[in-house]
Amino acid sequence: MNDLIIQNIKELILPKSTERPLKGKELGELNITENGTVVVKNGKIVYAGEHSDAYEATETIDATDKVVSPALVEAHTHLVHGGSREHEMSLKRQGVSYLEILEQGGGILSTVEATRKATEEALFKKAEKNLLTMMEHGVLAVESKSGYGLDKENELKQLRVSNRLAEKYNLDMKHTFLGPHAVPKDAESNQDFLQEMIDLLPEVKAYADFADIFCETGVFTVEESKKYMEAAKALGFDVKIHADEIDPLGGLELAIDENAISADHLVASSTEGKEKLKNSDTVAVLLPGTTFYLGKESYADARGMLDNDGAIAIATDFNPGSCVTNNLQLVMSIAALKLKLSPNEIWNAVTVNAAKAIDIDAGTINQGDKANIVIWDAPNHEYIPYHYGINHAEKVIKDGKVLIDNRIKLEQ
């Protein structure tokens, strides 16, 4: 006997399962089955496709007039951090740039101070609350970065919290060491601090899957980033890079040359960098919510990347300074409006391609897959990015069991 049947599905979203990320025109190819059925046994997908009455189960969910998709994949977050920075909103309104705020001791450095002061338990409780909000909005696979410690003790503290959250919720979660996220005030020099973070790599290997670095004006150069990435790769890390967020330094080109699993931000990436995506499986993780929150007008050139047969994913960049949202659905709407992505492209970018960007087995509903599914209170897949700012996730199903039922919460 099967455990669960989801029947009468108005639209069943079935992203392609591929070894590599979807690139170029492939991103717009999305299998949508009308009047679909999903069957689950022992936490795994038994069947997903056209309507079928051939199966029996102990529980049946009627998804009439609903959309069913894989659970969303959140490919870029700064989940574990102390404090908040709401006071910076007025500075941004006055036109003060992010780098200027950073130079004044704000930005990342103010979060570093708050994170260092916070106990591990305080960080855990804060991160747990934000993680649960992500899950309520349909996310069941998450990448979580450190980067607000900037020293051994506090970077490890953040990574321990991230690992504890994954264990508590048995969650598909990847952990990223972002030690070189900024240069602390007490550093002798950028180069000395970078070497300190390189020396820390062997110790964080037990807690982190990826090594990441912020390659940007005033932080780390392309040459410094290359040194760090190659040291991390030599220890067995997959590497990522925050690149070309503000200036076109060549971070995207470096990511491709170093075979990084992803390059993130890419607002200012060069034409040459975008052209290099054609022959690379490095995923361009675009963060339009950050551009929106910072009030900037220039967004990452998603269409140009796709025209060059690049692979892109969409994520929130949830953090306390430049994108204070853990609602990936909202960022899907921003991606439609500002990145000019189609609904099909967006769905692939937050499921299968996001999973490739963090090397995790998620984002599809195929026979044998984990039954991590969302039932959406929406008439079709286009409606979710269209009706922005609210939570359309009605039921979040993890390993074949209803983990979150937002409809029950509303009725209560």
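Glycine residues also receive a Cβ, built from the backbone N, Cα and C atoms like all the rest.
Feature annotations, courtesy of Swiss-Prot:
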- His76, His78, His242, Asp317: Zn(2+) binding site (BINDING)
- His76, His78, His242, Asp317: Fe(3+) binding site (BINDING)
- Arg85, Tyr148, His181, Glu245, Ser322: 4-imidazolone-5-propanoate binding site (BINDING)
- Tyr148, Asn319, Gly321: N-formimidoyl-L-glutamate binding site (BINDING)
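Locations of recorded Swiss-Prot features on the structure.
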| residue | record | contacts (Cβ under 8 Å, 6+ apart) |
| --- | --- | --- |
| His76 | Zn(2+) binding site | Glu143, Lys145, Ser262, Asp264, Val285, Leu287, Ala315, Thr316, Asp317, Ala357 |
| His78 | Zn(2+) binding site | Ser144, Lys145, Gly147, Tyr148, Leu178, Asp317, Phe318, Asn319, Pro320 |
| Arg85 | 4-imidazolone-5-propanoate binding site | Gly106, Gly107, Ser110, Thr111, Pro320, Gly321 |
| His181 | 4-imidazolone-5-propanoate binding site | Ile108, Lys145, Ser146, Gly147, Tyr148, Leu150, Asp212, Ile213, Phe214, Val219, His242 |
| Glu245 | 4-imidazolone-5-propanoate binding site | Glu216, His265, Leu266, Val267, Ala268, Thr290 |
| Ser322 | 4-imidazolone-5-propanoate binding site | Tyr98, Thr290, Tyr293, Leu294 |
For the recorded Fe(3+) site formed by His76, His78, His242, Asp317, which further same-chain residues have Cβ atoms within 8 Å of the site's Cβ center?
Thr77, Lys145, Asp264, His265, Leu287, Thr290, Ala315, Phe318, Asn319, Cys323
Test of understanding: give the count of other CB atoms lying within 10 angstroms of the CB of Asp317 (Zn(2+) binding site).
28
Check Asn319 (N-formimidoyl-L-glutamate binding site) against DSSP and tell me helix, strand or coil, would you?
strand
Provide the number of Cβ atoms within 10 Å of the Cβ of Gly321 (N-formimidoyl-L-glutamate binding site), excluding the reference atom itself.
25
Near His242 (Zn(2+) binding site), how many other Cβ atoms are within 10 Å of its Cβ?
28
Using the CB centroid of Tyr148, Asn319, Gly321 as the N-formimidoyl-L-glutamate site centre, which other residues of the same chain sit with their CB within 8 A?
His78, His81, Arg85, Gly107, Ile108, Thr111, Gly147, Pro320, Ser322
How big is the 4-imidazolone-5-propanoate site in terms of the longest C-alpha to C-alpha distance among Arg85, Tyr148, His181, Glu245, Ser322, in angstrom?
20
Fewest other Cβ atoms within 10 Å: which of the binding-site residues Tyr148, Asn319 wins that one? Let me know.
Asn319
Which secondary structure state does DSSP assign to His242 (Zn(2+) binding site), in the simple three-class scheme?
strand
